[in-house]
Structures are given as structure tokens and as C-alpha cells.
Amino acid sequence: MSFVSKLLYTVSALVLFHSGFSSYEFHHLLKLNSLNNAQGAISKLPKDIMYETYAGLILFVLAVFTSFEKLQYLPIESNDGKIISQGNYLKEIALNKATNVDNLIGSNPNGEIIFTPSFVDVHMKRKICREWASNTVKKEK
């Protein structure tokens, strides 16, 4: 977190605290005034307190956005011994470059998805096993 974001957090907290205290004072004075005066002419929060609250919220949002640190991207294959920790992200891989080797050697990079047991034709496998079993029984006789 940078110095600017810490400063903005502090200023926004002070401004919001002051606007909250001013609002409390206003409502307390309004309550005392309504006990003494039955008409109670002022019931709305003054605009300066509202503007102070909005300014504090805007400063807080700016502090949040300035507190983000620059992301550090790390390559997948690195020999410098860096360990990926929180806040560090791997660089994106261009899929067309990643699959060139797989295409040249004829392997399927999605093999673990395509060749799962749930996609195997069980009836065909049983038929092949029956034919193999019947052929081995015939050879033994």
C-alpha cells in the first residue's frame, strides 16, 4: 500500500468521522429545539454535512483504488527459484504456441478430458471382451 493511499484513507476517515459527529450534534440540537419549540421548523440535515459525507466517501473510494498494487506476473518455467505467493500471478500462455509441440508429436493435450471412462462405449468394450474370450476358449480346445 502506497503512502498516497494511506494518506487518503486517513483523511477520508477523519472527514467521515467529522461528518458523523456533525450529524449527531445537529440531531441532538434538533431534539432539544423540538422540546422547547413545538413547531420544529428545521428537520432536514444541512447541506454542508451532506457534502462533507459525500466528499469523505469519494476520498475513501479513491483510497481503495490507489491501494491496489501492480500485479507481478511470473513465467511458468523459471529457474530463479521464485515461489509463487499471494499477489503473484502466472503469465498467460498463448494457446497456439503451447500446442505446437503437441501437434507435431501427435499427442492430444485434452486427452485426460476426452479419454475418460464416462465417454467409453461400454457395450463395444464388452463385445470385444466376449470375442476375445470366445477366441481364447476355441484356441485352447
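Keep in mind that glycine also has a Cβ here, set from the backbone N, Cα and C atoms.
Some features that Swiss-Prot has for this protein:
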type     : residues : note
TOPO_DOM : 1-6      : topological domain 'Cytoplasmic'
TOPO_DOM : 28-48    : topological domain 'Lumenal'
TOPO_DOM : 70-141   : topological domain 'Cytoplasmic'
TRANSMEM : 7-27     : transmembrane segment
TRANSMEM : 49-69    : transmembrane segment
Counting only residues 6+ away from its ends, which parts of the chain sit with a Cβ under 8 Å from the topological domain 'Cytoplasmic' (1-6)?
63-64, 66-67, 69
Stretch-averaged pLDDT - the topological domain 'Cytoplasmic' (70-141):
69
Count up the helix, strand and coil residues in the topological domain 'Cytoplasmic' (1-6) according to DSSP, in that order.
4 helix, 0 strand, 2 coil
